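Participant: Here you go, one structure.
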Amino acid sequence: MSRTARPETILKRSEELINVGQSSAALTALGEVITSRKFKSAPIASLEPIMMRFVDLCVELRRGRTAKDGLLQYKNISQNTQPQSIENVIKHFIKLSEARVADAQSKAEAAAADLDVDDLEESETPEGMLLGAVTSDENKDRADRALVTPCLKFLWEAYRTALDILRNNARLEVPYQQVVHQVLRFCLQFKRKTEFRRLCDLLRTHLQNVTRLSHHTHAINLNDPDTLQRHLDTRFAQLNAAVELELWQEAFRSVEDVHNLLTMAKKAPRPSMMANYYEKLSRIFMVSDNNLFHAAAWSRYYALARGNIKTEDELTRLSSLVLLSSLAVPVISSSAPGTGNLNKSKSDFLLGDQDTISRTGRLTSLLGLSRTPTRTGLLKEALSRNVLKRVRPEIRELYDILEVEFHPLSICAKIEPIIAKIAENEEMAKYIKPLHSVILTRLFQQLSQVYDAVKLDKVMELVSSFKAPYAYTREEIEKFCLNAAKRGHLNISVDHVSQAITFQEDVFSADSHPAASSSGHQDSVRLQATPGELVRTQLTRLATCLDSTMRTIDPSVVEEAQKAKRDVFARAMAVAESEHKAALARKAILARHKELLHERARDEAKAEAERARAQAEAEQKRQAEEKRLKEQERIKKELEAVRAEETRKMAQSLREKGGLKLSEEEYANLDTDKLVQLQVSQIEKEKKDLAERLRVIFRRMDHLERAYRREELPLLEKDYERQKTDDLAYNQRARKVALDAAREKHQSDVEAKKRLTRILPDYHDMKKSIEGKRAKELAEKRADSQRKIEAAKEQRRKEVAAAREERRKREEEEERRAAEEAELQRIKAEEEERAAEQRKIEQAKKAELEAEKRAEIEARQAKLEEQAEKQRQREREIEERRANEKRAASAAAGPTLAGDSTWRRGAPAGAVASARNASPAASGEERPAPAFGGQKTGGWRDRLAAKQAGGAGMSEPPSRAASSSPAPSPAPAAASAAPAPAAAPAPGGWRERMAAKQAAGGAGSGASTPPSAAPRQQQQQQQQQQGGGDGFTEVKRTAGAYRPPGAR
C-alpha cells in the first residue's frame, strides 16, 4: 500500500480486495495504514469509514487482538478532538459481535432441529452411540460448543477491549458505563459466572486507577454528582446480577463497592436505590446464615420502603418479615461480641477476638449503623415503628409467646401450630430453623428459673410437640445444651446416669456471659431472682433498707441533705461565672496560640514553597541550558554526520564510476568542494568520451545504410513485377466472385417478389384498416389535446386576470400607504412647526420676564445705592463737623502742647502755619484740608484729625461737594498758590524724617501728575466716591463675568 495514498483510495482498494475474496489481505492493508504515521495526521471524518471497515473485517475473521491494536491507535488520535468518533466505532464493533453471536445461536438451533432420524424404527445411530459413550453432552450442547462458544469468546474479548479503551477518560465515561451494562446483561443471558467474576475484578481495578490517575488531563472526577451517580447505578446493576447469578461472594464485594462510593457522595442517594441496597444485603446475609445482620438489613429496608407501599397486603407481608427476622435471631449468638461464631468459648470472648470485632464493624458500617445491632434493639426498633399492629396474627402470637409470656411447660405446644402456618409460606419458611434455636433457648432459660433439675424424658416430652421434619432427638437436645454451656449462656450439665439435666447456680459466680453485663438487656422473661443475684445484691438491698429506715426515723436528715445540696448548687453557681470567664480566657489564649501556630506554619510553608519554587526555577533554567547545549551539540554532530555521509556517497560514486584512482585515505582527506570539482571534471570527461563514441557509431551506421540501399535497388524492381502479376490475378478472381454473388442475389430477390406479390392485396387491406383505426385515435387525441389546450388557456387567462387584479390591488394599497405616509409626514411637519413657534413664543416670554426682572433688580439696586449715598453723605458731614471741632480744639491748645511735649514728634513751623491758615476757623469757610499739603502736627490726635480731614476732602466728589456747599470754595486755588514748604528738615528721629519724606513725595507726585494720568485719577476718585468713605474700593464688573439668569 502506497504511503502517499489518500484514505478514500485505501478504502476503495480494500473494498476491491474484499470483493475478490481476499479479506485477510484487505485487513492487513488497513492494519498497515492504521499503524502508519500518516494515519495520525489525516482528518477524523475520513478515518472513521476506514475504522468501520477495519472493525467489520476483524469481526468477520475473528481477529480480536488486531482489532484491539487498531482501536487503541484510533483512540490516541480521536480522544482529544472527537471522542464521539471512537464511541461510534466501539458501538459498531460491539453491535457486530453481538449480531455474530445471535447468528451463531440461530444456526445452532437450526442444526439441532435438522438432526432428524432417517429410520424411524432405529432408536439411535451408531455415531450417536459412540458419542454418547465418550461424552454425556446432548446434540444441542455439542452444536452450541461448536458454533456458539467461539462467537461468545470473541464477544467477551470485544467487551474487554471496549472497556480497556474507554476506561479512565471523562469524555468517554458515558459509553464506558453503557458497555458495562451490556456486559452485565451478557453474563445474565448466558449464565457466565466466571466472566462475571473477571468483570467485577476489572471494574474494581479501573475504579482504583481513577484515584491513582486523577492528575491526568481528562481524568474522571468522582466528586462530580453525575459521574458518581453513574458509578453507583453500575455497581447496583452489578449487585443485582450477582444476586441473580447466586454469586454471593461477588455480591458482598459489590456491596462493599457501593458502600465506598456512597461514602464519597456529597448528597444522599435516592431512597429507592438505598432500599434496593438493603434488600440485596438482606439476601446476602440470609445466605451466609448471619441472622442478626439479616434482620438489621430488613429493618433498614422497611424504614425506607414503607412510605412507597401502596397496598395493605404488601405492608402486612413486609412487617411480618421484619418482625419474624428479628425473632429468628438466635439469643445465644446475638449477645456475644460478634455473631456467627458458634465455636467460641467463654475465655475466647473474654479475650475479645479482634478479627471478629473488625468483621462485625465492617458489617455494621455497610448497614450505616453507628453500633453493632442486637436482638433486643431490633425488636424495640420494630415495636417503635408500630410493626406489631400490621403483622399477621400468627407472627404477633409468636412474639407474645417468645418475648412476653412465661410458660415453660407449654411453650412448645403453643408454638407448634404457628410454626406449621409459617412453613406454609415459602418466603417465611426459611426462618423456621433459626426460630427453633430461639425456642429451645427460651425453653431452657424458663426452666432454669423454675427447676434445679429436669429429667431428659420430661424435656423430650415438652419438645415432642414438634413434628417431622422439625422433631428433636436426644442427641440434638444434648448437643444444644453442650453448645449453650460452652458459650457461657446457660450453667447447665447433663447427667447421663440419672438421665437428667441440672441447672447449676453458683451464687458467687459472675454473670453468665461477659456480654450480658455490657448489653444491659434481658433476653427472657424472669419469674424470680436467682440465688446468685440475691447474693450479689445483698449489700445493695441492705443499704437501701437502712437509708429508707433512717429517713423515716429522722426527717431532719433529709432536710440537711437538701440544704447541703442547695449549698453545693449555690457554690457551683457562684464559681460558675468565674470558671466560665477563665474558660473563655483560656479558650481565647488557645485560639490565639493556634492562630499563631497556623500563621507560623503558613509562613514556613510559604517560605518553603518559595524556596522550592526558586530551586525549581533554577533547576529548570539549568536543565533548559543543558538541553540547549545538548541540542546545539546534537545539531552540530548531525550536520557533520550529514556532510561526512554526503562526502562518502560522493566518493563512493566516483570510485564506482572508476574515473579516479585514489586510496581510502585520500578519499577521506578530501572535502565536499574538492569532491564536487572532481565529480564535475569526471562528468566532463565522460561527456567527451560519449560524444566521441557517438560520432564513430554514426559514421559506421551511415556507411552501412548506404551499402544496404545499393544492394537493394535490383531486388526492388523484381519485387515490383511480381506484385503486379499477383494483383491482376487477385482482381480477376474477386470480380468473378462478385458477379456470381450478384447473380444469386438477383435470383433470390425475384423469387421473394413473386411470393410477396400474392399477399400484397391482404397487406393493403390490413394497412387501410390499421390506418383507419389510427386516424380515429389520432382525431380523438387531437380533440382531447385541443380541449386540454383550451382549458389550459382558460386557466391561464384566469390566472393572468387574477394576477393583474392582485397587482392592481397591491399598487392601490401601496399608493394608499404612500398617501397615508405623506399625510403623516405633513402632520408631523406641521406639529414640529407649531412646536417651534411655541418654543419661540415661550423664549420671548421668558426673555421679557428676564428683562423685567433685570429692570426691577437694577431699580432696586439704584434705590439702594441712592440710600447708601445719602447715608454716606450724612456720615461725611458728621465726620467733617467732628474734624473741624477737633482742629479748633487742637489749634487752641497748640502752644501749650508744643511747649510741654518735647518727647512728641515735632512738626515744621511752616506746616503748622499752613494748616492753621487752611483751617476753616481761620478762613471763615468750609473746605477740605489737603492730604499731602504739609507736614503733620505734633500729637497723634492732630495727625488722626489731619488724616480724616484729608481723606474726607479727597473722597468727596466735586459735583456732590458743590451741591452740598452753599458757594464754591477757592481752597484748591489757595492750596496751589501757597504750597507748604516740603523741603524743610524734619527734626526728631527717623519716624519724623520718614513722615516728611512721604509728605514731600505725595506733594511732588500730586504736583507733577502727567496729563495721561488725570483721567485715571478722576476714575479712581469716582470709584472712591461711589464706594463711600469706608476705605473699600468697588470692583468694576468685567464684560465676561458670570451673571445669574435673572440678571442677564
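Here, residue 1 is simply the first one shown, and the rest follow in order.
Even glycines carry a Cβ here, placed using N, Cα and C.
Under the heading domain 'PCI', TrEMBL lists 331-508. Positions annotated as region 'Disordered' by TrEMBL: 601-629, 767-841, 864-1048. If you look up TrEMBL, you'll see 864-888 marked as compositional bias 'Basic and acidic residues'. Summarising the annotation, TrEMBL assigns compositional bias 'Low complexity' to 904-923, 957-987, 996-1025.
Where in this structure would I find these features, and how exposed are they?
Facilitator: When Cβ-Cβ distances below 8 Å are used as the criterion, the region 'Disordered' (601-629) is approached by no residue of the same chain that is at least six residues removed from its ends.
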Participant: If I take every residue in the domain 'PCI' (331-508) and average their pLDDT values, what number comes out?
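Facilitator: Mean model confidence (pLDDT) across the domain 'PCI' (331-508) is 78.
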Participant: Sort the residues of the compositional bias 'Basic and acidic residues' (864-888) into helix, strand and coil with DSSP and give the three counts.
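Facilitator: The composition, in the requested order, is 25 helix, 0 strand, 0 coil.
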Participant: By DSSP assignment, list the helix, strand and coil residue numbers for the region 'Disordered' (601-629), in that order.
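Facilitator: For that range the per-state counts are 29 helix, 0 strand, 0 coil.
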Participant: By DSSP, what is the split of the region 'Disordered' (767-841) into helix, strand and coil residues?
Facilitator: 75 helix, 0 strand, 0 coil
